[in-house]
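Undergrad: Starting off with a structure, shown below.
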């Protein structure tokens, strides 16, 4: 097997993707970002610096609602920046919540986006405010290092670690993995925090990544059965906690999951992680590093559309990857242990923990904002000002007010009542299990609406559910504005992926447990066609389903859609 890694080579192969040259020549991710930030003539930075900026946790964007008008006025696009804050396991203190709230009000668009990877996200930050925003994030003892880019992204885990000692231990492992796999370059501290500059960066080392980092982004998540809330099979490395007699003994490991694809290119597809074995818990950080280095060394650096670890595993085979992992570890991973998932959603409302309480708040599509009739942002700040526990950002874009002492429970409940905050139980099962990415107006990749549209589409689907007697039925529905898969649509029972404004591909047949990919049902359809397609299916499901049968299972059993056994069959 040929090692295709070039991160230690003095000269790069001319066939490599241009991003490989950019990384290699970036002076360990510095580029000319400082000079771009200092340029007062434009609200943008150079395209090369915009690519490197992702490693620092920020994307350059523009307001796509204003593009045409500004073009007519011969103005440059309305540039702004998104910052994604790294929050391993989604854990934040009340003080950190208040700091994030302040940043959103001072520098962003007065909203906070809770992402599907348990991170904070700010939109609408102007170039002149970017550095101060980064500093303020750092003052809150958070950062945006490696929240984006060709590195390990925010490490996920079950968001309610105070339910038991096991959950707390899981969160600690998520933090250890995240910190261990951070880039070691000093560039972030130099550019954003006025840190002491490295006089000769040629002396700098990236002991894990090398100077070209990974071929593409890399994602790790930890699930605690029976909850698959992190969608463990969507991760490059999935870790499934194995608990015996209330003690965490280790993890089952899956490799090569991923959601993204490109419309029209069948060589790209979503894929489920493959279960390869069991490891003791004390070995988990080393195992994650060794798997990541296999992708570093053998991942495709010539074609970024096929550069994710899922394609490496598919190309080399999971048996070969497992044997190579064993070789690098110097010991063999064991056979996987038994486990079972029940769902991939959140447990909403109050949940009693060990000497404390946790309240999971339903936040539609993760957007924390105040509206005329729902002062969510104000309410959460009031809670943060009195809360003595933690906040936990959920993989389903909800928020856990965690570790609430019995003495504080009544006080927090009073704020919940005052602002009419919801645990989602007044909503349909469909809305409670919905997710959408940001899409328009800020995401440069969006082909169609998502976050701004899904709630109103659900309202219309709810009329069909009412007609079918299914309003309380738990059904997962997800929407993205492009096929990159940020809301993990390929795992949903019903999914919509944007093709053009107002047009979507419709997918059916994912598993309620997050264990099966869905498949395309109809292509390039509008809202009327969506509703016309769903009505007979929901009516039939209502009348013909088996006891306890979920919608995704029904459409496969009924022959509406073929079952997908492997991502390589996704388009067939």
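Each residue, glycine too, has its Cβ placed from N, Cα and C.
So Swiss-Prot lists these for the protein:
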{"type": "BINDING", "residues": "437, 443, 482, 486", "note": "[4Fe-4S] cluster binding site"}
{"type": "BINDING", "residues": "486", "note": "siroheme binding site"}
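Quick one: how deep are these features, and who are their neighbours?
TA: Spatially close to residue 482 ([4Fe-4S] cluster binding site) yet at least six residues away along the chain are 439, 443, 445, 446, 447, 448, 497, 498, judged by Cβ distances under 8 angstroms.
On its own chain, residue 486 ([4Fe-4S] cluster binding site) has 115, 116, 259, 437, 438, 480 as residues at least 6 apart in sequence with a Cβ closer than 8 Å to its own Cβ. In this structure, residue 486 ([4Fe-4S] cluster binding site) belongs to neither helix nor strand by DSSP; it is coil.
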Undergrad: For the [4Fe-4S] cluster site (437, 443, 482, 486), what does the 8 A shell look like? I mean other same-chain residues with CB within 8 A of the CB centroid.
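TA: So the extra residues in range turn out to be 438, 439, 445, 446, 450, 480, 481, 484, 487.
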Undergrad: A 10 Å Cβ contact count, applied to the binding-site residues 437, 443: which residue has the minimum?
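TA: With the binding-site residues 437, 443, fewest surrounding Cβ atoms within 10 Å: 443.
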Undergrad: Per DSSP, residue 437 ([4Fe-4S] cluster binding site) is which: helix, strand or coil?
TA: coil
